[in-house]
Amino acid sequence: MLELPALGWQSIVIFVVFAVSLLIATYCTYAERVIAAFLQDRVGPDRAGPYGLLQPLADAVKMFTKEEFFPGGANKALFVFGPCLAMITALMSSAVIPFGNNMSFGNNAFFLQGIEVNIGMLWVFGVVSLGVYGVMIGGWASNNKFSLLGAIRAASQNISYELAMGMSLIAVLMISGTLSLREITLQQSVAGEWQFWNIAKQPLGFIIFLVCAFAETNRTPFDLPECETELVGGYHTEYSSMKLGLYLFSEYVNIFVVSAVMSVLYFGGFNFPFQYELRDWLVSNHDWTLAGAQNLITLLGTVGLFLKIFAFIFFFMWIRWTLPRFRYDQLMRLGWTILIPLAVFNIVLTGGLILFGVI
Amino acid sequence: MQLTNRAKKLEKKPMTLAERAYLPAIFQGLSITMRHFFMKKATVRYPEEVRPFSAIFRGLHVLKRDEQGRERCTACGLCAVACPAEAITMVAGERKKGEEGLYREEKYAISYEINMLRCIFCGLCEEACPKAAVYLQADKMAPPRYERDEFIYGKDRLVEPVSPDERSVRGIQLTPEQADALRNKMAQV
């Protein structure tokens, strides 16, 4: 039996979360291409390995072996720092997401979560907003007007949509009364009670959050900072080799994180229907120990959460190959004159419903 | 001025609430792309899967032999005349005594070349040939090559291959010298 202190178990969890985020982001590049192909009646990459599953490796080799180019007059330190920051912030935000409930082996009990903090949601928001600096620094350090313009577009878009996103979140916090993501998850399923996921209580808030999530991760239809078909390439025009790879990669990590956050906030996180009934049934009818049954439930819940996350990632890609890009003024009008008032209305509505005891 | 009465008068109506909300249109679009997700894919995975040729496809040329294995071509030059791309050149020669098993007519093509880069695969050579010697095969294409001169197909690659041994199997009278000559000829090319 492994005798590790609690921190030891937790550090393993942190490492696994880190590795899994990277792995999923890697295969997002493959999924993006295959889904794009399927939506366009093609078959996508299928040459590298069975079903093209080694394509991400081939892409990585390509990225690493390309020429590393520094534009003249660029601020070298910041030029390198930009993509690093984008990647670091993207990875940091997955630390607080509860990927599963608690597990226990003998006396060792631990959460399937990097760090359990009571300000989990604030942490995610704080770190995600730092991601703008990666874009901004990269665009500014390139010593290129177009990069700078792209960076400014990215920054203003992210800041605009963060407002509506934060406000749609406040409605969730009003219901749950906590910032801890684990607490929010646990509240969405209570043993022996008929409890709905937050999506049933916050449909409007969810739609606002979803739209803002698209804008925050620079995905179509809000991919104006990049819009490779219109601009030269946005803030990463001057980037090549793996530094460009890091920017593209951080986008996929962000998609993964924001999908996880949406699953946790609105779709019950690691809960799945009839989990407590299953646990009690195992304990009473099959002589399982309570801890063993709970471990099984936790693992199943983790699988369930990942299914929810994959569904969201698929949705992100599905939207990308369906909708055309917004114009910049349309983007700003949607953010400031529609989503923010809607979010405020949602707060008032939620407040009223809580006041009259409906939810 | 109105040229036809087909012009449609368009009115710019204000958008309805459903149109302005944008969400119904998004769901419509999503359903369309999802339909395409499950549709049959147009891709042909080429090396593993080959798109079938049409029965009347005009592909790579072949110089046919007659039923006794002799070359049919008599180097009359009608194919070269008919060729709109001027892709065919040939040198005519006289059949020597003892070569009756090789060439059907008294005159034959010493060399016969088709430049596949010039050829437009129109099939006029096939139509022009009075001896039914040149055909465009329906199941073969001129494959890609690295060098331009590799696209000039000589008799070595055009004439229907028949090995000397196969000829004897098919009951053609070849003297030993003739068979040796043929073997040497094929070894050279």
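Note: Cβ is positioned from N, Cα and C throughout, glycine not excepted.
Where the annotation comes from TrEMBL, it is an automatic prediction and has not been curated.
As recorded in TrEMBL, the features of this protein are as follows:
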DOMAIN    B:64-93  domain '4Fe-4S ferredoxin-type'
BINDING   B:Cys73, B:Cys76, B:Cys79, B:Cys129  [4Fe-4S] cluster 1 binding site
BINDING   B:Cys83, B:Cys119, B:Cys122, B:Cys125  [4Fe-4S] cluster 2 binding site
DOMAIN    B:110-139  domain '4Fe-4S ferredoxin-type'
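Overlay of TrEMBL annotations on the structure.
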| residue | record | DSSP (3 states) |
| --- | --- | --- |
| B:Cys73 | [4Fe-4S] cluster 1 binding site | coil |
| B:Cys79 | [4Fe-4S] cluster 1 binding site | helix |
| B:Cys119 | [4Fe-4S] cluster 2 binding site | coil |
| B:Cys125 | [4Fe-4S] cluster 2 binding site | helix |
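Cβ neighbour count for B:Cys73 ([4Fe-4S] cluster 1 binding site) (all protein chains, 10 Å cutoff from its Cβ): 27.
For the pair formed by B:Cys76 ([4Fe-4S] cluster 1 binding site) and B:Cys125 ([4Fe-4S] cluster 2 binding site), distance between Cα atoms is given as 12 Å, rounded to the nearest Å. The [4Fe-4S] cluster 2 site is set by B:Cys83, B:Cys119, B:Cys122, B:Cys125; from the centre of their CB atoms, other residues of the chain with a CB within 8 Å are B:Cys79, B:Ala82, B:Pro84, B:Ala85, B:Ala87, B:Ile88, B:Ile114, B:Ile120, B:Phe121, B:Gly123, B:Leu124. Other than the site residues B:Cys73, B:Cys76, B:Cys79, B:Cys129, same-chain residues with C-beta atoms no more than 8 angstroms from the centre of those residues' C-beta atoms, the [4Fe-4S] cluster 1 site, are B:Thr74, B:Ala75, B:Gly77, B:Leu78, B:Cys125, B:Ala128, B:Pro130, B:Lys131, B:Ala133, B:Val134. Of all the binding-site residues listed here (B:Cys79, B:Cys83, B:Cys122, B:Cys125, B:Cys129), the one with the fewest other CB atoms within 10 A of its own CB is B:Cys122. Between the C-alpha atoms of B:Cys73 ([4Fe-4S] cluster 1 binding site) and B:Cys122 ([4Fe-4S] cluster 2 binding site), the distance comes to 19 Å. In terms of local Cβ density within 10 Å, B:Cys119 ranks first among the binding-site residues B:Cys76, B:Cys119.
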